[in-house]
Amino acid sequence: MIRAAAAGVIGFILIFIESMIVMKLKGYATIEFGGLAPFINVWAMNFFFVFAILTQVNNWYMNKESLKEDNSF
């Protein structure tokens, strides 16, 4: 649940970071997303991207902890 909430917030922040990068590269002053639906599509794409990264970080952390407990290596 925390991963989903964090992914939602970070995905929303990524929209603005991506927009700033595009504005600087192309020399734009503003960006028009074309309505609410494309904005939500970009947010959803960022949400799943961040959620996948957070899932992998969580799995890595859990595996790292289990390796510390298992001293047979």
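Note that Cβ sites are derived from N, Cα and C of the backbone, with glycine treated the same way.
Owing to the predicted nature of the structure, the values given are computational and were not obtained by experimental measurement.
The feature transmembrane segment is assigned by TrEMBL to 6-23 (among others). Long-range neighbours of the transmembrane segment (6-23) within the same chain, counting only residues 6 or more positions beyond its ends whose Cβ lies under 8 Å from a Cβ of the stretch, are 29-31, 39, 42-44, 46-51, 54.
According to TrEMBL, the transmembrane segment annotation covers 35-54 (among others).
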Folded-back contacts onto the transmembrane segment (35-54), same chain, C-beta under 8 angstroms, at least six residues removed: 3-4, 6-8, 10-12, 14-15, 18
